[in-house]
Every structure is written in C-alpha cells, then in structure tokens.
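Chemist: Below is a structure I'd like to ask you about.
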Amino acid sequence: MADEVRAAPVRTARPALARSLRRSLIWLCGGLVGGTGVLLAILLVHPDSPPWAYWGYTAVCWLYFVAGCVAWWRRPSNGMGALIVWGGVSVSLLLVGSTAAPLLAALGTAAGTLPLAVVVHLLLAFPSGRLRRALPWAVVAAGYVVTLVLQFPLYAFDARMSALPLFVADRPDLLRTGIEIQRYAGALVMAVTAVVLVVRLRRAKPWQRRILVPLFGYGVLAVLFIPLSPNLFSRWFDWSPFAIGVSQLVAISGVPVAFALAVLLGGFARTGEVEELSSWLSAPTAERSGLSAALAAVLGDPLLEIAFRVPGRLDWVDSAGRPVGLPAPGDTRAAVPVELSGEVIAAIVYDSELIADPELVRAAGRVVALGVERERLTAALRASEQSLRRSRERLVETADRERRRIAQDLHDGLQVTLVLLAIQAQQLAHQPGATSAHRTGATDLRRGIDAAAAELRSLVHAVMPSSLLERGLGLAAEDLVDRLPVPAELVLGDVEPLPTPVASTAYFVVAEALTNVVKHAAASKVVVRLELVGGNLLVDVRDDGRGGASRDHGTGLRGLADRVDVLGGSLTLDSPAGGGTRLSVQLPVSQQGPDATAELARAQPDDRPRPPVLRPTELTVPDPLPVTATQD
C-alpha cells in the first residue's frame, strides 16, 4: 500500500483520562523515589558497605522509576513503562537486602539476580510490552525461574547466610552444584533470547533495525556483563572491587534510559491514547490532520493505513481511490475491520509487531467510524473518477488505433488501386492507333483519378497523418509548419518517444491551432513550441493576429479540450481582441497508464518482416501528358 512516511502528531488537547493518569503516575513515581530515599537514609546510619554503593544503587532505582513513569505516561497502554518501573523495584530489592532486618535481608538476597530477568523480559517484550508468542513467554518464565528459584542454593547452603531465616545448612557441595546449574541455565536462557532477537531483527523493517540493533545489543551485553564482570576484570585487568561495582552500576543504569527513549522516540506503538481521537474528531476540520495520520500518531505505527471498502463491491481502495489489497494470513501486518451499523466500511492495516493487542486498533476504529465513513465515500468517489478516466483513456486509445487502421487500409489499399488505375489510363493514351479523342479521354480520366487520389491522401492525412506514424511528433509538426502559408517558427525540444495518445493529441492540437490561424487570425507570424517541462509535454501555439478566439465557438477546440482532459492534461486559450491568440496545452507523459505504455511499445518500430506495400511515391511512370503528379 501504500510509501514510508512518519505520521504527523495529533495536535489536540489531552483528554481527562490522560490527565488523571498523569497525576497517578506522579504520585507513584514520587512514592517510589521517596521510599528508596528513606531506605538510603536508613542504610547510611550504620553502613555495612561503602556509602557510594548505597548512593549508586539508589540513583539507579530513581533512574528506573522516572524513566518508567515518563514512558508509562506518554504511552499508557504500552506495557514497557510498567516493566521499566518493575525493573526499578527489582533493583531496590538489592538495597533492601542490605538492611539489618533478617526478613528484609533474606528478601533482598533471594532477589539478588532478579534485575537480570527483568532486562530479559524488557528485551523480549519490546516494543509493545507484551509477550504474544509461546517461545518468548517460555524464555521469560525461565529467566525468572533461574533468578528466583535457582537462587535458592546461594542463600540456603552458604554458611555466610546463616543469620538469615532462609538458611538451611552449610553444604558447600550443594552450593557449588546450585551455582553451576544456575550458571548454565542462565547461559541457555541468554542463548535462546539472542536467537529470538536475531529472528526479530531479520523480520524488522530497515528503519526499525536502526533502533533495535543497538537496543538489543546493549541489553544482551548488560545482562552478560553483570555476572561475568567480577571474574573477568579482577582476573584479566586487576580491577578493584570499587571499579567493578561502578562499572556494573553504569551498565545497569543505561537500561531504563535506552528502553524509555526507544519507546518514546523510536516511532513504536503508542497503544493507549485512543481517547485522543475523540478530541481529534471534535477539532475544527481545518485544524485536523488526515485520518490515517491521526490513527498512526495515536497508535504509534508510522506505516498504518486505512483500506476503504467500495460501496456495493468487495474491492478495497486507499484514500486516493487506488486499488489495494489486505495483508495475507501470517504476514507481519494485520488488518482489523471497521464497522458502522453492522456493515464493514473499512479496514485498519497495522504492524502487528508494534501493536500487540488488536482490540486497541478495533477500539480506535469504533471511535473514528463516522470519520472513516466520510473518507470512504470520498475514496469511492475518487475510485469512480479514476475508473471513468481510465475508461475514457481506453476510448481515446481505441479511437486512435481505429484511425491508424483505417488510414493504413486506405493508404495501402484504395490509394494503390487508384495509382494503378492512373497507370492504366496513361497506357490507354499511348496505345498504338489511339485517336485524338481516345487520348483526350484517357488524359481526362488520368486527371480525375489523380484528383481522387489527392482527396484520398487528404482524407488519410486528416484521419491519422502518416508522418506522425512513421516519423514521430517532431517531424510531423515540422511538416505542418512548413506547409503553412503564414511565416512560422517551430521551437522543438527533445520530446521523443511519446505514448501514442499523447503524441496524436499534441499533433491534433497543433493542426487545429494552425488551421484556425489560417482561417480566422489574419496573423503575420506564428510560433509553435513543443517541449517537455517537468514530466509534461508542453504544446504552445501563438500568433499575432486579431485575437478574439473562443473555445465555445465551433467543435474543434471543444473536442480537443475533451481529449486533453481525458489524458489528465490542461488546455488554456488566451485570445484578447486585437492582441493575438495563444493556445497552450500540457499533457502528462510520465503518468500515462499501462494502456498508454503498451501503445507506446506498439508504436515503436521493430524488425519483424512485413509484406511489401506499393506506395505512390515509389512509382516511376512516364508522363508526357500534362497530368497531375501523384506524390505522397
């Protein structure tokens, strides 16, 4: 369907629901930030770890909370904002684990690797915030199992955790086994995650890959960096625990910022602001953006389109009236019908990877159904106009084909017969023993045949001039100008080749204009201009005659105006009294349909063998008598 265009924002006031959500999120963010601030103050009273660690993890929590609430507010029904806030909660549990309260410390220890599972969840749920397929569901569930269930040996069998309520026994063997199981299970989860992300990247559009590649790459590296960095940097680079801790904080702090920016600025699904469409519908018509643009901005799919059902038919057209098709089953794009009074009037075609819930699209369709019906009727009218135009174009092309056929038949049939009769008449005049009366009769017969042949050539030329068929518009126009009894100038640009309907229409325009100059203008000079200007063929004929011409007088200009209109062109006549006349026509060349293109191909010369055709100019006849010469 339709080129890749970013949707313009819907410039309307935010509805009451959005304002209420904004207040709620401000309270939520303030409560979370304040709660972690109080927790930080408690931890700093009797610190068991360096104060920078408490400050660092608190700052990361605040970053998660603020970024998540902003994304949640801007995209209310997109689950990414809530997931980012959940990531901040998982990081705050690490701070809770540093308190002196045994139960809180046990909770923090049990959730020690939970942020890694949240990052995996963010990666697989992006961009809609929902898991729609079985494999991502299984991978995310496995990630939470690895970080929560397989974390059990690390606090149940480690002697350093003996003060915690969850401690079972000092079993170093079970502890080592549990660590290995968690390590390999975590590696498997990350491997499957990487495969899912690679498949998603392959299916993504190019503009989406520019966002997804760095986002997915950073998320995977962050998940791998945190558990591997202690051994890697202490063994190979001799980093201090302080440096390793800072690097881990930096790595995890970039996660909420990256995902929030990708949701807000990456052009991905804005799935929760359908209510804005009501404000859009109530706005003045002059201030509205297009319906497709409004839906694209609200739902967050920049390539969203609306296909309209043609009334009384099963065809689908776009807003310009061009035929379109709906996505096939299994395609990454999907279509949701829009109904009005139980009748399907349109379909919203959207990216199912961006908008996980089709009910949101369906709800948007219900809101704008009346607007869709209005645009559907407009699109149907445009489709009818295009169908009528194509029908008229086919009539013109058919008429031109018939003109060429008739002209060719007359030229190659009747005209040749007349030439042969002229030869026979001349031979009668030269027969031995012919009397003077016979010679006079033969001469008169020859002259009559020549006159008939001349009239036939004029008729053939009027139907479809051979110069146009054989040599193209430029040389045919040159012939017209050369035959003109008025001084004339031809300005000829590079106009070949042209579709046959365009070339023939341009020729008839020039011929009609020059005929009017000779008959009515009393001009002393004529200028004919043929050139291509911006994909249009410009035909311009001007004279310095008496002026006063009108397209309403006579049928010639009216017929040409209709023909020009069929081809999507324009005809302008400027003829003030006493100021000369200018006839200007523009014919689109690049927008001719497939029929015109086929006509152009048929009009080109080819190398196929053709039967010999006897033409008058090819005859050499002795002519001692004063007989009119036959020339083509």
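The backbone N, Cα and C atoms fix where each Cβ goes, and this holds for glycine too.
Annotations in TrEMBL come from automatic prediction, not curation.
According to TrEMBL, the protein carries these features:
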- 25-46: transmembrane segment (TRANSMEM)
- 52-73: transmembrane segment (TRANSMEM)
- 80-97: transmembrane segment (TRANSMEM)
- 103-125: transmembrane segment (TRANSMEM)
- 137-157: transmembrane segment (TRANSMEM)
- 181-199: transmembrane segment (TRANSMEM)
- 211-229: transmembrane segment (TRANSMEM)
- 249-269: transmembrane segment (TRANSMEM)
- 502-591: domain 'Histidine kinase/HSP90-like ATPase' (DOMAIN)
- 589-632: region 'Disordered' (REGION)
Chemist: Let me know the model's mean pLDDT on the domain 'Histidine kinase/HSP90-like ATPase' (502-591).
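Modeler: Summing pLDDT over the domain 'Histidine kinase/HSP90-like ATPase' (502-591) and dividing by its length gives 84.
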Chemist: By a Cβ-Cβ criterion of under 8 Å, what residues six or more beyond either terminus of the transmembrane segment (80-97) are in contact with it?
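Modeler: Non-local partners: 28, 32, 35-36, 39-40, 43, 54, 57-58, 60-65, 67-74, 104-109, 111-112, 114-115, 117-119, 121-122, 125-129, 252, 255-256, 259-260, 263.
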Chemist: What is the number of residues in the domain 'Histidine kinase/HSP90-like ATPase' (502-591) that are helix, strand and coil, as DSSP sees it?
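Modeler: Across the domain 'Histidine kinase/HSP90-like ATPase' (502-591), the residues distribute as 31 helix, 29 strand, 30 coil.
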Chemist: Out of 25-46, 103-125, 137-157, 181-199, 211-229, which stretch touches the transmembrane segment (52-73) the most, going by CB pairs under 8 Å?
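Modeler: The listed stretch sharing the most Cβ pairs with the transmembrane segment (52-73) is 25-46.
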Chemist: Any contact between the transmembrane segment (181-199) and the transmembrane segment (25-46), i.e. 3 or more CB pairs below 8 Å with pairs at least 6 residues apart?
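Modeler: No, since the transmembrane segment (181-199) and the transmembrane segment (25-46) share fewer than 3 Cβ pairs closer than 8 Å, they do not count as touching.
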Chemist: State the residues, same chain only, that lie 6 or more residues beyond the ends of the transmembrane segment (137-157) and have a CB under 8 A from a CB inside it; answer 'none' if no residue qualifies.
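Modeler: Distant contacts of the transmembrane segment (137-157): 106, 109-114, 116-117, 120-121, 124-125, 131, 164, 166-172, 174-175, 177-179, 181-182, 185-186, 188-189, 192-193, 196.
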Chemist: Who are the chain neighbours of the transmembrane segment (25-46) in space, where the CB to CB distance is under 8 Å and they lie at least 6 residues beyond its ends?
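Modeler: Cβ under 8 Å, 6 or more out: 54-55, 58, 61-62, 65-66, 69, 72-73, 85, 88-89, 92, 95-96, 98-100.
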